[in-house]
Amino acid sequence: MSGVMTAVSNRWDPGVIRALAEARHGDAFAVLGAHRTDTGRVLRTYLPGAERVSAVLDDGQTIALEAGPEPGLFAGDLPAQGGYRLRIGWPGGEQDTADPYAFGPQLSDFDLHLISEGHHLQLADALGANVVEVDGVRGTRFAVWAPNASRVAVVGDFNSWDARRHPMRLRHQSGVWELFVPDVGPGAHYKYQLRGPHGHELPAKADPVARRAELAPGTASIVADPTPYQWSDDGWMATRARRQAHDAPMSVYEMHAGSWLREEGVDLDWDGLADRLIPYVADMGFTHVELMPVTEHPFGGSWGYQPLGLFAPTARFGTPDGFARFVDRCHREGIGVIVDWVPAHFPTDAHGLAHFDGTALYEHADPREGFHRDWNTLIYNHGRREVSGFLIASAMEFLQRYHVDGLRVDAVASMLYRDYSRNAGEWVPNIHGGRENYETIAFLRRLNALVREHTPGAVMIAEESTAFPGVTADVAHGGLGFHYKWNMGWMHDTLHYAGLDPIYRRYHHGELTFSMVYAYSERFVLPISHDEVVHGKGSLLGRMPGDDWQRFANLRAYLGFMFTHPGRKLLFMGCEFGQPTEWNHDSGLPWHLLDDPRHRGVQTLVRDVNRLYVQYPALHAHDDDPSGFAWVVGDDAGNSVVAFLRKGKRGDAPVLVVINFTPVVQHGYRIGVPQGGQWREVFNSDAGIYGGANLGNGGIVTAEQQSMHGHAHALPLLLPPLGAIVLTPPG
């Protein structure tokens, strides 16, 4: 027996023992597992906490391994050929399992090449935690990109979070560490324990490519169920490209999933949200919902705009399958789903991407490029292939795996300009000495080109607040390739105008009309978003001046203007019924206000104007074509009146829109129109059903033969105070 013990002891190098025991050894596969010797093989295992270990050979023979000089070390001789399993005696019982170190490299060289080039569009099928079967053994393959780490181990509830138990293999050419762990399946919680390039231990990291995450404040990743979701939206997907074409109506209900409706202070899960939200959105006439970011994020107060889990729907509202069911049910009711997506920056939480492998891996090393002082976040290094590939794969994950119909890309301006929110000397110029971020421009172009290629019919929308040229121009023509861009200029100008006392509006008339100067420079969405009802800005209703009747009338007129102005529509939740207070993510919307006829009237107006917008092609078919709009009255600053014609394709009836932004009734206000006969008043924001005074034109107005505003006929109109009316010609 003493000879055997001596032989076993000689199998362990003292330096190796120390490195294993201190969780510092960077090449576990060189030590652990079965290795050939002159007489057969030697099997080494390191299982801290184990009391005994045996190797069970394929023929049933059991070989007891001898304990080594450090607790948890076991070794023994095996025949030169044949497989084996480990039988491990723990204090609480016995475990029979395959040896993780008996398996060869897992990821193919092609996968590793695609990862290194930033071209792996199904990145979460390679990296992250994937339940697989290897050589007849079921388990989970873990893989993480950490090229500068000196050691990486996977830790989890399957190994008591012990970093000594499952050190990983480095695939040197790619910087990817991998390990197949037998018997680990869906639901297992895990993280990665890394040491930096100089051997220092880093905080345990969540998996950047995890498809499921632990509910906050927990920060672990979870092995996702590999069972594919069974979709039932073939009809929607087959017609999506047509539904989301440039000439189709798009009216978006922007919402925060956690605060749309709270029942007894509890968030709805995805199924509960689908039960309540989808019928509401359909009844209100919106064509799409836009969800504020649903990727996993540690701080709820960020509303999702500081995410760390870019491949995992947040656990706050249920499982990934729950999110898929929500999207599926939206599609079955004809509602598209857009999600906000954040490829600009990420938070500094220790368990996240910050200094992931002990170096600035996902972020820029220079804080003049890599730190965003406005948000105290780190900025992605879009010039690094693996990082841009990681982000593009995240976009593809939601567009392809979850059938999402579009992404609204957050904070595009902050990415495009190197001097964004920085003073002189606080930013690094590009190679030509300029402020444009060439790496981000290349990233966005590639992202949008790939989305068009691989997810036809999906739309990409930019939240871009500057005059950067060509945001929605084709990549082939030098543009960024987005489908649509938020029209922040329209939003700022018109909200400022609407917030003025009507007596002063005559001096700011240009704020109402200037948007048409550049309306066709891009393809626009008109956004009244969450950003306009937070941070002390007040609510949309609260911005309106005057007493109660004026505020509600102003709001109704403004919404009438918005829904008839060229551009797709976006309205944040609560604005559709005139929420009087700022949005608070910790509280549900004040739905009880619908007991008040004034708020119910605003809601009814939004429902009707949505249907009007969809019903009349003139209001949407030529949003991007100057032929679809013509001023009739654009210069009546004294009366704060505007009138314009919206035109559709050949055969579509034009629509006349007239808005009076003063509280003065205008009697006999004459508007030139292109044809005579009886024009029908199809919308009046002062209608009693909306909470107005029912001042209007009785539904019908006869055009008189009179040359006016370049037309041969004129309509004598009564313009309600702070009111918008819409008329259609005979026929």
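Here the Cβ of each residue, glycine as well, is placed from N, Cα and C on the backbone.
Per Swiss-Prot, the feature active site, nucleophile maps to Asp410; the stated evidence is sequence analysis. Under a cutoff of 8 A between CB atoms, and with a sequence separation of 6+ in the same chain, the neighbours of Asp410 (active site, nucleophile) are Pro293, Tyr305, Asp340, Trp341, Val342, Pro343, Ala344, Glu463.
Swiss-Prot lists Glu463 with the feature active site, proton donor. Take the CB of Glu463 (active site, proton donor) and look out to 10 A: across all protein chains shown you find 20 other CB atoms.
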In DSSP terms, helix, strand or coil for Asp410 (active site, nucleophile)?
coil
